[in-house]
């Protein structure tokens, strides 16, 4: 039971927890807002990491070590950004699973914008994974970008353009850093559209009850 008369005297966190929400939705509806929180954390930590990062194949790994060892609270920024990315994907897969289970895909505009968001997010994560330029980064960059060569006629040209040459080298890392930096802004824009489209029709109603049943 929520005593609405006393809500004005409660702490902000308590007010947030007591936010009146219809009984016809559950905890599974929290993950959209959790994703926005993850996005804000990633952009904030990513900005401070980008200040100290060097997009050069000879210095990239050393710059990551420098961030972790020498930059004040750099180790927190680096770990939060890395672990936050994993949390981001956990939240988004639960968010998608809820949508599939409850039939949110019937709201086509919201679903298509969300699918596009997932593709951009996966691309952003891939570019970020390459940036430390360790052994696994180099392997990932080589294997994943080589998939472009499977595209008929244009594949080899696209791969050469993405690499900035005939092999993965310094221009590749520079391009990946630029893409990793710019794509989150595309995610912000598309997330805004995703939310606007959602509130245009409203979320689905899993129990089939009246929205104002409470």
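From the backbone N, Cα and C atoms, a Cβ is placed for every residue, glycine too.
If you look up Swiss-Prot, you'll see 81, 180 marked as heme b b562 binding site. Cβ neighbour count for residue 81 (heme b b562 binding site): 20 (other Cβ atoms within 10 Å of its Cβ, all protein chains included).
What Swiss-Prot records for 95, 194 is heme b b566 binding site, and it gives similarity to another entry as the kind of evidence. According to its DSSP assignment, residue 95 (heme b b566 binding site) is helical.
In the shown protein chains, 10 other C-beta atoms lie within 10 A of the C-beta of residue 199 (ubiquinone binding site). A helical conformation is recorded for residue 199 (ubiquinone binding site) in the three-state DSSP classification. What Swiss-Prot records for 199 is ubiquinone binding site.
The transmembrane segment annotation in Swiss-Prot covers 31-51 (among others) and is backed by sequence analysis.
Under the heading transmembrane segment, Swiss-Prot lists 75-96 (among others). Same-chain neighbours of the transmembrane segment (75-96): 28, 31-32, 34-35, 38-39, 41-42, 45-46, 48-49, 64, 67-69, 114, 118, 121, 125, 128, counting only residues six or more beyond its ends whose CB sits under 8 Å from a CB of the stretch.
What Swiss-Prot records for 111-131 (among others) is transmembrane segment.
Annotation source Swiss-Prot lists transmembrane segment at 176-196 (among others), citing sequence analysis.
For the pair residue 180 (heme b b562 binding site) and residue 95 (heme b b566 binding site), the C-alpha distance works out to 23 angstrom. Here the C-alpha separation of residue 199 (ubiquinone binding site) and residue 81 (heme b b562 binding site) works out to 30 Å. Non-local neighbours of the transmembrane segment (176-196) in the same chain are 35-36, 39, 42-43, 46, 50, 53, 55, 110, 113-114, 116-117, 120-121, 123-124, 127-128, 130-131, 141; each lies 6+ residues outside the stretch with a CB under 8 Å from one of its CB atoms. In the three-state DSSP reading, residue 180 (heme b b562 binding site) counts as helix.
Within its own chain, the transmembrane segment (31-51) has Cβ neighbours under 8 Å at 67, 74, 77-78, 80-81, 84-85, 87-88, 91-92, 94-95, 98, 181, 184, 187-188, 191, counting only residues six or more beyond its boundaries.
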